[in-house]
Amino acid sequence: MEYANENCNGHASQDICVKGHDQQLDPLNWNMAADALKGSHLDEVKRMVKEFRKPVVRLGGETLTVAQVAAIASQSGTDVTVQLSEASRAGVKASSDWVLQGMINGTDSYGVTTGFGATSHRRTKEGAALQKELIRFLNAGIFGNGTESSHTLPHSATRAAMLVRINTLLQGYSGIRFEILEAITKLLNNNITPCLPLRGTITASGDLVPLSYIAGLLTGRPNSKATGPNGELLDAVKAFQRAGIDTGFFELQPKEGLALVNGTAVGSGLASMVLFDANILAVLSEVLSAIFAEVMQGKPEFTDYLTHKLKHHPGQIEAAAIMEHILDGSSYVKEAKIVHEMDPLQKPKQDRYALRTSPQWLGPQIEVIRAATKMIEREINSVNDNPLIDVSRNKALHGGNFQGTPIGVSMDNTRLALASIGKLMFAQFSELVNDYYNNGLPSNLTGGRNPSLDYGFKGAEIAMASYCSELQFLANPVTNHVQSAEQHNQDVNSLGLISSRKTAEAVDILKLMSSTYLVALCQAIDLRHLEENLKATVKNSVSLVAKKVLTIGEKGELHHSRFCEKDMLKVVDREYIFAYADDACSATYPLMQKLRQVLVDRALLNVDGEKDSSTSIFQKIKAFEEELKVVLPKEIERARSDLEQGKPAIPNRIQECRSYPLYKFVREELKANYLTGEKVQSPGEEFDKVFTAMNEGKLVDPLLNCLKEWNGAPLPLC
């Protein structure tokens, strides 16, 4: 854009006064909004992660991102620092000077010479006293001292709010001194965090009540508190000392109190934190769905590009392409194809919906989360107080940018998307632990030798049901519960912070579900490894016993029963190993029953041979079973022991898969162990390791490593 110099003498850095032709290019900002969604969601998440890890956040008013807000919120000043654009100083000073000059000239201006809200008909010439009273009466929050539950806003959310508020005020439309913004920056960089109440805002004339506590600290109110870098409680004097603010407490000038409190920073700051996590969780859900397809021996056809191209939705197409990339060349997929070809009737022609329609299910959720992210990024770069000081036109504009509807709406939508992701995750988890549906894995993913004394993930499934139920409840909207407030002046209000808080809860619950599910998938991977080793052992044992017992007759001649071996090995191939592995030679379990049936069927065809004991196959059945009972249990135990000692005969297929980085991270870095009733560890201990790592951001790199080779496009149709 080109800036028109003749009318923009107060805001030379702003794009308000533009030549008519340029203004007509995108006067409604729709092109800007559309451009922000170009490129893949995964590339955007990668950019967010990169921004999150930068050591400096430079504020100029218009380029703040949700990742930068999340970085400042979650890290101390020693990890990442805030720098203010010096170029913003002139515009900030111009608006501040304009307010003071207006007082001198006797200009009547809302919140400067008038009362507030429904009482704006009142007038005063005591501008500084009015700001002081504004902060006092807005300090109406309750911190709940003496109760078990905290009523204090999490310090990370407060840090996010401080950053966003600085960014708004830097744009020079609010009538506040630059020195106040520098003081808030010093608080951030020295990890001094004001204590704000958790509740009490409707985010409609902004987040008045919580923001007033930041103003209270800046003005040295006796009730104001802050926490230091180590969580120690500080009064205002000590907070200023620790932050290195040596100018003393601020005596607010006209409009400055209103500038500090009349904005949406608390709701949009928390929303930024939520969306940073939500975007990563969306990618995680795609990868976990692909791993689910691997361990369930799913048919990869569900990811075919043509299917999704014909549906047109970009989120669905990308979700399918990511899953397709994970499954392309997967050793599990190759093995599953062999299994399906060997016995096409062993499982349904089509996989169940939780697997087969996962791209269609996740795609819209990704689109919603991405759109919400862009909406919040516009909000955190907006000027959202009232009135706005337009120095260039010498006027104060009385409007309603403090209305936080973009926050409430985007957070309600995000929460619904998170609930849908959680519902899919629970459906997949339920299939995974159910031996009626999981294609040969043990019930409850039991990892021990004795399923009667090992109930695996049964407790985890109950917990997952609990998490999912709460998550579905949280999906209910907040924004349809508006109450008229402040003498019916604030008769519609956004409830933005309330919705952000509920969405933060939803993110937390989805992390609980994701942690549990990831450990379950790792368990399933190890069980497939055990299954493969045990099946090879059983086949080898059956083959050895068959050769020993069935090949030679009583007189050393070749026996007709030798032809049974091939059919017996087919039985082993087709029978689920965990259906009998705990007592392989039990007559009540399917292996022995079906091996015997092979011999019986062959004997029935051996009519003449059965008349002679030396050629009778029936006569061989008992000898075969007795010999197998001697050999097989020992060999199964040996195979288990070898695997437990890290010496399996067959390596783990996961090492040949693109999903391996996540598995390796869980097993090797976090030391989250294979679960079995034979060990002391409880499932929750292992889930906690993953949950903690997820909250610390440690899961991001292994997650993205699973997709590092993806070129951003589906496989070509050929």
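Quick reminder: no glycine exception, Cβ is built from N, Cα and C everywhere.
The following features are taken from Swiss-Prot:
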ACT_SITE  Tyr110  active site, proton donor/acceptor
MOD_RES   Ser205  2,3-didehydroalanine (Ser)
BINDING   Asn262, Gln350, Arg356, Asn386, Lys458, Glu486, Asn489  (E)-cinnamate binding site
Distance, Asn262 ((E)-cinnamate binding site) to Ser205 (2,3-didehydroalanine (Ser)) (CA atoms, angstrom): 6
Listed binding-site residues Asn262, Gln350, Arg356, Asn386, Lys458, filtered to Cα within 10 Å of Tyr110 (active site, proton donor/acceptor): Asn386
Which of Arg356, Lys458, all binding-site residues, has a Cβ with the fewest other Cβ atoms inside 10 Å: Lys458
Neighbourhood of Gln350 ((E)-cinnamate binding site), C-beta criterion under 8 angstroms, separation at least six: Lys299, Arg356
Arg356 ((E)-cinnamate binding site) - helix vs strand vs coil (DSSP): helix
